[in-house]
């Protein structure tokens, strides 16, 4: 993604196992989040976020995935508290400097949004909420049925709950331990999501975010060479696709070359990702891992043919994720600058 410089001025039934997971998954308290939390304290807040995200996308369509990814990476470490945005100091290595976060991007878009909101409503809108709203706006603007006015009148794929507060702790060590890995198998993925109160359906739906954006060679290198003692290439990866990827990634340490998550469609949000997974052309091992569990496999095949159901469920799961371990009320703080604790 090129650096953006801001201008001045499926109706299908769930199997018994999936129903059981939905029932027993732990419930994480989410405080007093609500749609329209800032309607009185900063009524233009969401409009300001949308305007700046729109401007960023007009300049560079690939900004969509980084904005979505920032929200994911924030919520999976200490909950959705904006801690992924904090800079490291001499005495603390923060989340954004953890190895899984080295390729995060679009911090400058978030910073621009925060600056405008501080001018309009000082000390009111949290960085955690900016991440949540910007992610919603980015994916909405990348979804054709939304931009064509075929989804709902407000131009959003889903409504975002707001009212989060910003955390005061950011740890690279915690990020390295808790963030899902591109090489995770299904059991590890299930465990990671369950630890956040998210079930199998959330796992499959949120994996659909891989419809957008690009990755880098280190995230798939192990799939292409010396996968195991018996298999040079990950056996869950289509061999022809693997050969193409090998041509793109000739150096395992190449953090510059970008590989599209969905070839030819990396800026459009739809259900194409699920078709690729069924064809063993998911870019990550964790993508293909979804086929190794009966319940998740059924969902993959269902979403492949019922795109509108996927889009609806994606909104539901994003709201679920957005509630993970949030700070609210008098907890935490409202940072004046997202990269620095008050």
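A Cβ is built for glycine as well, from the same backbone N, Cα and C atoms used for every other residue.
If you check TrEMBL, you get these features:
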- 73: active site, proton acceptor (ACT_SITE)
- 74, 77, 79, 81, 83, 95: Ca(2+) 1 binding site (BINDING)
- 180: substrate binding site (BINDING)
- 210: heme b binding site (BINDING)
- 270: Ca(2+) 2 binding site (BINDING)
- 42-121: disulfide bond (DISULFID)
- 75-80: disulfide bond (DISULFID)
- 127-338: disulfide bond (DISULFID)
- 217-249: disulfide bond (DISULFID)
- 32-342: domain 'Plant heme peroxidase family profile' (DOMAIN)
- 1-29: signal peptide (SIGNAL)
- 69: site 'Transition state stabilizer' (SITE)
Among the recorded positions listed as 121, 180, 217, 270, the Cα nearest the Cα of residue 77 (Ca(2+) 1 binding site) belongs to 180
Surrounding the recorded Ca(2+) 1 site, with Cβ no more than 8 Å from the Cβ centroid of 74, 77, 79, 81, 83, 95 and those residues left out, we find 73, 75, 76, 78, 80, 82, 84, 128, 167, 170, 175
For residue 80 (disulfide bond) and residue 74 (Ca(2+) 1 binding site), the CA-to-CA distance in whole Å is 5
CA pair residue 217 (disulfide bond) / residue 210 (heme b binding site), Å rounded to integer, equals 15
Counting every protein chain shown, other Cβ atoms within 10 Å of the Cβ of residue 127 (disulfide bond) number 30
What remains of the recorded positions 69, 75, 180, 249, 338 once a 10 Å Cα-Cα cut-off to residue 83 (Ca(2+) 1 binding site) is applied is 75, 338
Among the recorded positions listed as 73, 81, 95, 210, 270, the Cα nearest the Cα of residue 127 (disulfide bond) belongs to 81
Using a 10 Å radius on the Cβ of residue 249 (disulfide bond), the other Cβ atoms enclosed count 21
Nearest to residue 79 (Ca(2+) 1 binding site) by C-alpha distance, among the recorded positions 42, 121, 210, 249, 338, is 338
Here the 10 Å Cβ neighbour count for residue 81 (Ca(2+) 1 binding site) comes out at 29
Judged by other C-beta atoms within 10 Å of its C-beta, the most isolated of the disulfide-bonded residues 42, 338 is 42
